[in-house]
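The active site annotation in Swiss-Prot covers E309. As annotated by Swiss-Prot, Zn(2+) binding site applies to H308, H312, D323, with the evidence given as sequence analysis. Sequence annotations record features per position, and here Swiss-Prot assigns disulfide bond to C188-C259, C266-C284, C297-C357. Here Swiss-Prot flags 1-19 as signal peptide, drawing on sequence analysis.
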Amino acid sequence: MRSPQSILAIVAFATTAIAGVVPSTEKRADDIPELDVKLTQVEGTLVKAVVTNNGDEDLNILNLNFFKDTAPVKKVSVYSQGAEVPFAGVRLRHKTSGLSPEVFTYLGPGESFEDEFDVAFTADLSQGGRIVVKAEGFASTTDTDGDTLSGVVHYKSNELEIDVDGKAAAKNFASLNQFSKRTRLTGCTGSRGSAATRAIRDSAPLAAMAAGAARNGGRAFTQYFKTNDQQVRNLVAARFDAVAREASSTTSGRTTYYCDDPYGICSPNVLAYALPSRNIISNCPAYYSLSHLTWRCHGQDRVTTSIHEFTHTPGVFSPGTDDLAYGHQAATSLSTWEALNNADSFSLFANAVYLGC
């Protein structure tokens, strides 16, 4: 385990480094259609989102980690007094191939779908007062009849202002906030326990290998992080070093790792998830259908999925990553700043280092 002093040093370095990386203002490719998201208040902290295809192409949009996902995922960012309210829901890693048809929504040009959700469920709004809600990011897409992610589309919403009743919001937040601290590795018995333990332990040397590759920079680093700048290389390496330290022990550390799904979040298309506010990681049944380490560039496996989830948890390295883009095509379309905050950029880079992609 790291000392408090070393943790504070890493946090200070991360905050300074991320602040020093200017988000790219380069325009996205013209052939990527844009989704418009219209946010309106229904009642209290209940919000409706209307997602519209503003492009001239048909879209088959993945709903996992996006609007229409029934899990407590991050659909919007919430701001109070100019600062973002920390997200307290889950971050999912889902399959990038073999996805079920029901997790996609087809939208022709000009067509829309709706979703309603309570922003107080995944953000502590008990202080009440005025908040601002908005959404911007990338949604994954596939061909109309496909089950493999093949593209990405940018989405952006209006800014919605809501006056929050703190007491009512606190009740909604409490319904998600029912987690307790447990031992480092939990519910891990039998073949699944063996598979998870092996994957966690092998995450340590792979993360260390990725840290070394990040410090050296090169083609793969530039592909995923869009720069060969030394400051960015050091920041990426520091996160991988932290993952390697955390994964080196299954009996101590800053995360609680479940081999099963104690909170009922999993679905057939979800591999694992993290609850960053509690530094909790849980594997889903689909995790165990993956190979231990894939021999396919840009592929998914148990080891890099565990690395993906470790990067989400701020107890390992703060701030934890977000889920901005999934898969090679989407991840390599991100700017440097976005890639530094994207879990799949780290897991895909580790895969590239391991296989020499």
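Heads up, the Cβ atoms here are built off N, Cα and C, so glycines get one too.
What you see is a predicted model, and the numbers here were worked out from it, not measured in a lab.
The Cβ centroid of H308, H312, D323 marks the Zn(2+) site; residues of that chain outside this set whose Cβ lies within 8 Å of it are R91, L92, R93, A274, E309, T311, T321, D322, N342, A343, D344, S347, given in sequence order. Take the disulfide-bonded residues C188, C259, C284, C297: by the count of other Cβ atoms within 10 Å of each Cβ, the lowest one is C297. Sequence-distant contacts (6 or more apart, same chain, Cβ under 8 Å) of H312 (Zn(2+) binding site) comprise R91, A274, P276, I281, G320, T321, A343.
With a 10 A radius on its CB, E309 (active site) counts 32 other CB atoms from all the protein chains.
Put simply, H308 is the one of the recorded positions C259, C266, H308, E309, D323 whose Cα lies nearest to the Cα of C357 (disulfide bond). Comparing CA positions across the recorded positions H308, E309, D323, the one lying closest to C266 (disulfide bond) turns out to be E309. Most other Cβ atoms within 10 A: among the recorded positions C266, H308, C357, that distinction falls to H308.
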